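Worksheet: one structure, shown below.
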Amino acid sequence: MKALAGQEKFSQLKVAIVAASWHDVIMNGLIDGAQRAAMDAGLEARTTLIRVPGTFELPVAASTLAGSYDAVIALGVVIRGGTPHFDYVCLAATNGLTNVSVDTKTPIGFGVLTCDNEEQGLDRAGLENSSEDKGYEAYSAAVMTVAALS
């Protein structure tokens with residue numbers, strides 16, 4: 001997704017990355033991917049990273065930040081366990097972030113991984129052996145949406 005490079009319309013955007021704190025290795029990969037996208041867009045100096053405890057807290061943080069930033073990138077990881085907790089957190093985060101985006105008219109990059117196991121998260125985290133880079137993709141999607149709506 002190198003479409004970010006050289007886009008003049010990105011130059012004045014302010015972007016927030018709000019990232020959960022569980023699952024360090026996966027989260028660090030997601031954050032690194034989003035920060036690489038910020039660099040490709042020429043927005044590294046205009047991108048702020050905010051950490052929250054978990055994925056459940058992403059919607060309230062995104063809602064608070066949406067008024068001050070042109071786009072918010074939400075990064076988190078939820079790994080299925082033996083209880084329904086996974087379903088509740090995934091649904092709350094997805095619905096909450098969707099509502100924030102629609103209600104505030106602020107693009108939200110959805111970088112929340114909902115995985116059956118840790119291996120799936122690692123494969124999507126943008127690490128050396130990962131097949132996908134969801135942090136980069138989430139940042140790119142939000143910034144490109146801002147540009148499309150401008």
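Here the Cβ of each residue, glycine as well, is placed from N, Cα and C on the backbone.
Not measured: the values here are computed from a predicted model.
Taken from TrEMBL, the feature 5-amino-6-(D-ribitylamino)uracil binding site covers Trp22, Thr55, Phe56, Glu57, Val77, Val78, Ile79, Phe110. Per TrEMBL, the feature (2S)-2-hydroxy-3-oxobutyl phosphate binding site maps to Gly82, Thr83, Arg124. The active site, proton donor annotation in TrEMBL covers His85.
Within the set of recorded positions Gly82, Thr83, His85, Arg124, the entry lying nearest in space to Thr55 (5-amino-6-(D-ribitylamino)uracil binding site) is His85 (CA atoms).
Using Cα positions, the member of the recorded positions Gly82, Thr83, His85, Arg124 nearest to Glu57 (5-amino-6-(D-ribitylamino)uracil binding site) is identified as His85.
All protein chains considered, the CB of Trp22 (5-amino-6-(D-ribitylamino)uracil binding site) has 13 other CB atoms within 10 Å. Counting every protein chain shown, the number of other Cβ atoms lying within 10 Å of the Cβ of Thr83 ((2S)-2-hydroxy-3-oxobutyl phosphate binding site) is 8. Trp22 (5-amino-6-(D-ribitylamino)uracil binding site) falls within neither a helix nor a strand when secondary structure is assigned with DSSP, and so counts as coil. Nearest by CA distance to Arg124 ((2S)-2-hydroxy-3-oxobutyl phosphate binding site), out of the recorded positions Trp22, Val77, Val78, His85, Phe110, is Val77. Taking each Cβ in turn and tallying the other Cβ atoms within 10 Å, the top scorer among the binding-site residues Phe56, Phe110 is Phe110. Here the recorded positions are His85, Arg124; the one with the fewest Cβ atoms within 10 Å of its Cβ is His85. Figure note: comparing Cβ neighbours within 10 Å for the binding-site residues Glu57, Val77, Ile79, the maximum is reached by Val77. Farthest C-alpha pair in the (2S)-2-hydroxy-3-oxobutyl phosphate-binding residues Gly82, Thr83, Arg124: 23 Å apart. Gly82 ((2S)-2-hydroxy-3-oxobutyl phosphate binding site) counts 6 other C-beta atoms within 10 Å of its own C-beta, drawing on all protein chains shown. Remark: Val78 (5-amino-6-(D-ribitylamino)uracil binding site) has Thr55, Phe86, Val89, Cys90, Ala93, Val112, Leu113, Thr114, Cys115 as non-local neighbours, by Cβ distance under 8 Å and separation of at least 6 in sequence. All protein chains included, Thr55 (5-amino-6-(D-ribitylamino)uracil binding site) registers 27 other Cβ atoms within 10 Å of its own Cβ. Secondary structure at Thr83 ((2S)-2-hydroxy-3-oxobutyl phosphate binding site), as computed by DSSP, is coil.
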